[in-house]
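The next block holds one structure in the form of structure tokens; read it before the comments.
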Number of protein chains: 2
Amino acid sequence: MQFRQSERRIDGLTVDQLTSYRAWLQYREKDQEKYTKTVAPYLKAVSVTVDNDIIERALDEWTVGLNEMFKQRPAVVRETISEGLAITLDPSLPNESYQLKTTEKRIQLTAKDANGVLYGVFHLLRLLQMEESLQHLSMTEVPKNPVRMINQWDDMNGEVERGYAGESFFYKDYQFIKDRQRIYDYARLLAAAGINAISINNVNVHENETDLIFDRYLMDVKQTSDIFNQFGITLFLSINYAAPMEKGIASADPLDKDVQAFWKARAQAIYQVIPNFGGFLVKADSENRPGPFTYGRNHAEGANMLAEALEPYGGLVIWRCFVYNCKQDWRDRQTDRARAAYDHFMPLDGAFKENVVLQIKNGPMDFQVREPVSPLIGSLENTNHFLEFQIAQEYLGQQKHLVYLVPQWKEVLSFDTYSKGMGTYVKDIVAGEVFKNGHAGIVAVSNVGSDYNWTGHLFAQLNLYGYGRMIWNPELTAEAIALEWVKQTFGNDPFVIKTIMQMVMPSWEIYENYTSPLGIGWMVNISHHYGPNIDGYEYDKWGTYHFADRNGVGVDRTIETGTGFTGQFHKENARVYNDLTRCPDELLLFFHHVPYTHQLHSGKTVIQHIYDTHFRGVEQVKAMIDAWQSLKEAIDPTRYTSVMERLEHQLYMAKEWRDTVNTYFYRKSGINDLHGRTIY
Amino acid sequence: MQFRQSERRIDGLTVDQLTSYRAWLQYREKDQEKYTKTVAPYLKAVSVTVDNDIIERALDEWTVGLNEMFKQRPAVVRETISEGLAITLDPSLPNESYQLKTTEKRIQLTAKDANGVLYGVFHLLRLLQMEESLQHLSMTEVPKNPVRMINQWDDMNGEVERGYAGESFFYKDYQFIKDRQRIYDYARLLAAAGINAISINNVNVHENETDLIFDRYLMDVKQTSDIFNQFGITLFLSINYAAPMEKGIASADPLDKDVQAFWKARAQAIYQVIPNFGGFLVKADSENRPGPFTYGRNHAEGANMLAEALEPYGGLVIWRCFVYNCKQDWRDRQTDRARAAYDHFMPLDGAFKENVVLQIKNGPMDFQVREPVSPLIGSLENTNHFLEFQIAQEYLGQQKHLVYLVPQWKEVLSFDTYSKGMGTYVKDIVAGEVFKNGHAGIVAVSNVGSDYNWTGHLFAQLNLYGYGRMIWNPELTAEAIALEWVKQTFGNDPFVIKTIMQMVMPSWEIYENYTSPLGIGWMVNISHHYGPNIDGYEYDKWGTYHFADRNGVGVDRTIETGTGFTGQFHKENARVYNDLTRCPDELLLFFHHVPYTHQLHSGKTVIQHIYDTHFRGVEQVKAMIDAWQSLKEAIDPTRYTSVMERLEHQLYMAKEWRDTVNTYFYRKSGINDLHGRTIY
């Protein structure tokens with residue numbers, strides 16, 4: 001299959017829309033003669049002594065990028081050069097790493113492997129896009145996380161579960177989409193952000209998707225894998241734990257010989273077609289999905305059986321820990337969904353095979369605007385695990401609201417678990433450094449679809465880009481990452497940069513202000529999860545309650561009087577969370593049930609905090625709109641208008657949130673706003 | 001097309017399921033020799049002097065019915081007979097009416113017309129099924145309502161909007177279903193219950209359904225019409241007000257000449273194919289459907305334009321009054337959805353053409369468990385109108401809960417509007433008697449689908465049967481109607497009859513007890529409307545609020561301090577509803593916002609009433625289950641089990657309702673149950 005290396009033309013997109021489509025690989029033509037002069041010698045030639053698909057893509061990217069930015073195509077040569085970019089490999093470096101060193105006329109890119117070359121080239125292109133100096137470069141880049149993965153939640157009917165950017169560009173009507181240019185372009189974007197693994201179908205595996213590991217679709221999977229592989233990305237599939245039963249075997253019991261034979265035969269068949277297949281992603285015994293519980297087996301027995309099948313080929317079983325009772329009785333205040341992952345998986349620590357990796361959501365609930373870190377992280381010592389984020393903004397505005405997620409994720413990564421004493425940070429644990437895991441890394445649910453700009457909200461591109469950059473190097477600040485994205489996406493006008501940064505940086509806090517207060521979470525409409533509905537899940541079976549009554553609100557998760565969830569943390573954190581006087585304000589209602597008149601560390605009462613943040617959040621959205629408006633002349637109309645429409649909708653929804661939350665708590669508490677603002 | 005007259009075999013149904021399918025036309029074989037003896041002479045022959053399709057169906061029904069019950073086929077003759085059933089017509093009688101007179105060996109059925117013959121025969125068959133004496137009959141039956149109509153809400157994709165009994169048996173995948181046996185059987189059942197009109201597609205007319213009035217589907221419509229016509233039922237279609245725009249005309253403005261010409265051409269085309277076509281049912285400017293408002297025209301202009309097109313052929317335009325602002329701001333407590341129909345249509349009273357009929361829902365909101373009667377009824381003096389009920393139990397348990405609706409409907413029909421002084425009952429107004437309307441009658445949304453028993457819950461058959469019987473003769477008591485149905489459906493065992501009557505008669509009150517209290521309504525989950533969600537619609541745009549806060553609950557619709565809705569009633573009713581001390585308990589919260597400690601006429605406080613009725617409702621469902629259990633040996637296993645499963649689900653849901661409602665109001669009010677029962 002032939003792909004166009006550069007997206008100067010995409011079927012169905014206008015030229016204007018293409019600007020959005022190009023995302024962070026704009027390669028805008030440089031008109032700064034001064035800058036062009038300083039980099040001119042580096043652009044003359046590129047020398048490389050090895051060759052493979054990935055390096056070929058790197059060279060393509062380099063020549064196309066330079067041609068678009070500087071109208072200059074470097075000569076590709078195999079001999080040593082004195083001017084230009086010289087690429088060599090050094091097997092002694094860490095995996096996927098690279099070094100960049102420049103002299104006056106020459107860039108030396110030394111990489112461990114082909115992936116390193118690709119990342120090094122994208123690094124240089126990033127610097128060129130941002131018009132940064134290439135002189136005196138001397139750096140080594142080593143990715144912090146060995147696995148840097150994306151999970152697609154695409155269904156083969158063409159829908160994307162929790163997808164807010166149009167239909168799938170992988171599937172339609174239970175077929176792979178024939179034109180794979182878009183997958184190719186996606187792979188480029190991901191590689192430019194440092195991603196090296198992807199699962200291409202929803203973790204909820206339905207009837208047709210079960211067949212992805214069978215002849216019916218396997219050649220399509222292989223062709224898709226080939227595309228991703230060219231960009232150093234390994235392909236995984238989500239599987240249906242009950243697949244054997246769809247194929248005539250009487251059970252899916254992991255201890256059943258027929259079941260074991262089934263999976264071994266499947267693994268063999270897959271690896272015959274796709275030798276570098278990554279492995280299986282599994283959602284089992286979770287939200288009504290089948291799993292080993294049906295047969296009285298535990299998760300280790302379930303996962304290890306699959307792992308045995310994949311072991312000969314080096315494949316992984318990624319097993320999600322999102323296991324909880326989704327048929328809880330709301331009347332039962334002792335059962336606590338927050339406890340579930342830890343309660344299920346801690347007793348099995350050490351029982352999993354070496355090629356099993358548990359996948360743990362960042363918080364104990366489900367990607368809320370504010371949660372504590374999952375206590376499984378820092379507790380599992382003898383089991384490989386990945387951390388899971390959600391780039392798709394399921395509970396964070398569904399890509400209709402501008403919310404920059406990296407600040408939230410950075411808080412998770414910087415959280416001190418105290419697992420091996422002070423300074424045992426999440427970022428080091430999930431990178432595999434603390435417990436010396438054989439497999440480690442970070443995974444996130446994708447936010448793309450077939451919308452012309454990939455992500456619905458143009459600014460949601462930042463979350464995809466930022467995710468990749470952050471997990472490559474968690475030491476990068478959220479500001480630094482955003483700045484990279486803004487410059488690559490919108491160019492280097494200082495006013496544009498400053499204004500957009502003012503919109504982006506506080507956006508998570510703003511969203512938190514006008515939605516669900518003090519860590520309580522939820523309060524959304526059922527099932528689609530958009531918009532305020534304070535009691536939406538309050539009398540439902542999902543384990544997501546706030547227990548607001550006329551006196552107070554919050555979930556008592558303390559050891560003494562509550563569900564005991566705080567006890568799942570190491571004692572340093574447990575003490576803080578358990579103690580009403582020490583618990584951080586932003587998580588207060590996650591851990592404690594308090595009267596509306598309870599005084600926060602901030603000095604405000606809970607009820608006044610609710611009122612204040614909700615009024616403030618709406619004002620902050622207005623300020624965002626003012627900021628964007630000031631850029632009207634500086635941004636192309638397509639991008640300007642599409643963002644403005646979403647901002648206006650965000651303001652409308654922020655008011656809905658503000659008034660619904662305030663009215664709800666006013667009706668319950670009867671306590672007036674100190675400042676006499678309108679509450680309905 | 002040939003149809004089987006009796007449903008001894010239906011594709012896809014087991015013999016056991018057929019019993020449910022036969023509904024109230026069981027024609028169970030009689031084993032009571034004594035009874036058979038008393039009716040024997042009447043069964044010998046049937047004489048009829050006229051012939052047409054409908055009378056042929058009546059004769060078929062008579063011969064098949066007798067054969068199944070008594071193993072005896074009467075001879076059909078044209079000459080006078082001394083023993084048997086003699087059928088003659090008498091044009092001097094009122095439309096559709098019939099007289100039954102028996103001598104010792106002969107029944108004289110004298111009817112106005114073919115419909116009268118059909119209804120008379122079904123009357124006799126009903127008496128035979130119930131084993132009632134045919135001797136000394138001497139009666140005249142005249143239907144109270146000229147139009148007795150059913151609205152199907154079937155979509156051509158095969159779904160039924162608010163359908164709780166499986167897919168449509170009219171359509172599938174945008175085609176008419178080829179095998180129309182089921183439509184034939186439905187027509188029989190409807191005719192046996194006295195129905196004489198039907199609209200066969202959903203009032204929400206989507207893209208494909210727009211084509212029902214075009215060549216694409218017109219022959220299918222004609223064939224469907226032919227089936228219904230054989231049973232005296234006239235066929236109507238729901239139309240898309242914007243149909244002209246789907247066919248290339250620039251607008252749907254009723255004053256546009258092209259639009260008028262479009263509809264005239266359509267009417268001509270339809271009547272050429274279906275000369276006795278009934279007319280159009282229209283949902284316009286309602287819940288986002290197109291309508292004349294788009295063009296600055298009012299409903300009269302919109303309806304009259306269509307009426308002019310149908311006028312030459314005697315067709316009707318049935319125009320729904322379900323018009324309200326479905327994008328209301330919940331913060332605005334002055335806008336009142338209850339006022340909407342009256343506010344929209346009263347100013348147009350007298351402006352509609354003679355062949356326009358307004359269709360008015362029984363209450364001002366939307367088929368809730370308890371509402372006042374729509375004040376339009378008794379106010380519109382110069383406009384034809386139909387009353388609309390909903391047999392489908394959208395807000396009344398969705399055919400998973402056993403709820404007998406006739407007692408609710410009877411309250412509506414017996415309501416005294418005081419329109420022309422005391423004693424101006426709804427039943428007389430909608431029958432056209434009070435204001436001498438040219439067209440009058442009652443309409444209801446159907447509750448059938450392709451489930452083997454038609455209605456999902458077997459007992460929901462009673463609502464379809466009861467609807468027909470009640471609107472034929474509103475003087476029949478709810479008990480009398482239920483008794484007819486029970487005997488025809490389950491036979492004449494006195495214990496069975498008594499037990500089922502005990503389940504059926506209080507079932508509406510039971511449902512009200514455990515769901516939404518004191519006339520407030522709603523409190524259901526959004527969009528699908530099933531199960532409790534007290535705040536489900538509270539902060540939404542649909543105009544359906546309860547305004548519960550820590551002090552009290554209810555909607556102030558009084559003239560002085562509220563929305564003024566009470567003022568839409570004639571003064572005798574307005575005074576009662578407007579006055580907190582006189583307003584009936586069961587509608588208190590519909591009309592007033594009161595503290596939880598407000599004392600009802602019953603002597604209880606509002607909050608204690610809520611607790612008491614909710615605890616009681618669950619106990620009543622348990623009693624229903626006990627009653628049904630006592631019939632285990634007396635009912636065939638298919639019907640027994642299917643009803644029992646639903647009763648058990650009803651109990652589960654009744655508990656959900658009880659605990660959710662009680663907990664919600666306890667959390668808000670903080671007032672303890674006087675009897676210390678468990679509130680969560």
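Glycine residues also receive a Cβ, built from the backbone N, Cα and C atoms like all the rest.
TrEMBL labels come from automatic prediction, so no person has curated them.
Here TrEMBL flags A:GLU287 as active site, proton donor. There are 13 other CB atoms within 10 A of the CB of A:GLU287 (active site, proton donor), with all protein chains counted. In the three-state DSSP scheme, A:GLU287 (active site, proton donor) is classed as coil.
The feature active site, proton acceptor is assigned by TrEMBL to A:ASP366 (among others). Within its own chain, A:ASP366 (active site, proton acceptor) has A:PHE322, A:TYR395 as residues 6 or more apart in sequence whose C-beta sits under 8 angstroms from its own.
As annotated by TrEMBL, active site, proton acceptor applies to A:GLU394 (among others). Under 8 Å, Cβ to Cβ, and six or more positions away along its own chain, A:GLU394 (active site, proton acceptor) finds A:ARG162, A:PHE367, A:HIS529.
Annotation comment: TrEMBL describes A:23-124 as domain 'Alpha glucuronidase N-terminal'. The average pLDDT the prediction assigns to the domain 'Alpha glucuronidase N-terminal' (A:23-124) is 95.
The domain 'Glycosyl hydrolase family 67 catalytic' feature in TrEMBL is assigned to A:128-454.
Look at TrEMBL and you will find A:455-677 tagged as domain 'Glycosyl hydrolase family 67 C-terminal'.
Residue counts for the domain 'Alpha glucuronidase N-terminal' (A:23-124) under DSSP (helix as H, G, I; strand as E, B; rest coil) come to 40 helix, 24 strand, 38 coil.
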